[in-house]
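> Mind having a look at this structure? Questions to follow.
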Amino acid sequence: MSPAEEERSLPLPERWPRASKFALSACAAAVAELVTFPLDLTKTRLQVQGEAAVRGDGGAAGRAVRYRGMLRTAAGIAQEEGVRNLWQGATPAVYRHIVYTGVRMVTYEHLRDSMLGRVEDESFPLWKSVVGGMCAGAIGQFFASPTDLVKVQMQMEGKRKLEGKPLRFRGVHHAFLKILSEGGVRGLWAGWVPNVQRAALVNMGDLTTYDSVKHFLLLNTPLVDNSVTHSVSSICSGLVAAVLGTPADVVKTRIMNQPRDKEGRGLLYKSSMNCLIQTVQGEGFMSLYKGFIPTWLRMAPWSLVFWLTYEQIRRMCGVTSF
C-alpha cells in the first residue's frame, strides 16, 4: 500500500486532527449554548440596567432601571415579550461559539501539546496552563467578535420594542449587513478590546481550571477519566470563569450596546477603561458584578454540558480525551 493510500485509509480524526477537534468542539458548544441561552439573555439585560440613569435620560431612565433580579427579569421577558424571546439572538450566539470555541480549543491543545509542552509525568504546569488558556481565549474571541456584537445587539431588540422604539434588525444577516454599512469592517469589531480581555480572563478560569483540576484528580485521587471527573472539573471551571470574567463582561456588553455615530464611534464610552470608570463612579464597584448570578448559573451548566458532551464525542469518534 502506497503512503497516499495508507493515509486515506486512516480515520478522519487521525488524517485531520485539528479540523476534527474544531468540528467536535463546535458541535458540543452549540448544544451547550442552546440549552443555557435564556440565562445569557437575562444576564445581558441585567448588565445594561442603570446606564440611562447615569446618562440622565430623563423619563427613559426611570423605565430603564428595573432591578428585578434574575428570575423576575427572565419571567418579565417571557410575559412581556413572549417565551420565544428568551432565545432572541440565539442564532448569532451559536455562530459565535462555532468560531470561538472551535478556535480556542484547538489553539489551547496545540499550545499545551506542542509549543509550551508537558513535563515528564504528562502534567501541564499551572503557569503554562494560564498562558495557554488566556492566549487561546483571546485568539478565539478576536475571530468571533463580530458574531458576539450581533448577538448582544439582537438580545436588546425586545426591550426596544417595549419602549416604543423601532427595531434595528430584521434578522441575523440583516444585522451583519447594517452594522457593516454603518461602521464598515471596523464596525464589526466594535468592542473587541474588552471582548478579548474578557475572553482571556474567562478562559484562564475555564480552560486552565478544567485542565488543571482534571489532571490533578487523575494524578492524585482514585478517580479515573470518566464523567464524574469531567463533572467535578467543569463545575470548578464554571465558578472560576464567572468570578474572573463578569467585570469585563459588563464593560463589553455596555460598549457593544451603545449607540454610535456615522463613523462608528461610540457616543457613550471612549474606551473600555472609560466605560469601567464611568460605571464604577456612577453605580459603584459592585455594578461590575451585575448579572453575576445568571452569569455563574449559566456558566456552570454551560461548562457541564459542554465538557461532558465534548469528552463523550471525542471518545465516540476515537479522539483521545482532552
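Cβ atoms are placed via backbone N, Cα and C, with glycine included.
Below are the features listed in TrEMBL for this protein:
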type   : residues : note
REPEAT : 20-114   : repeat 'Solcar'
REPEAT : 124-216  : repeat 'Solcar'
REPEAT : 225-316  : repeat 'Solcar'
> In the repeat 'Solcar' (225-316), how many residues does DSSP call helix, how many strand, and how many coil?
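Breakdown, helix to coil: 73 helix, 2 strand, 17 coil.
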> Average the pLDDT scores across the repeat 'Solcar' (225-316) and report the rounded value.
85
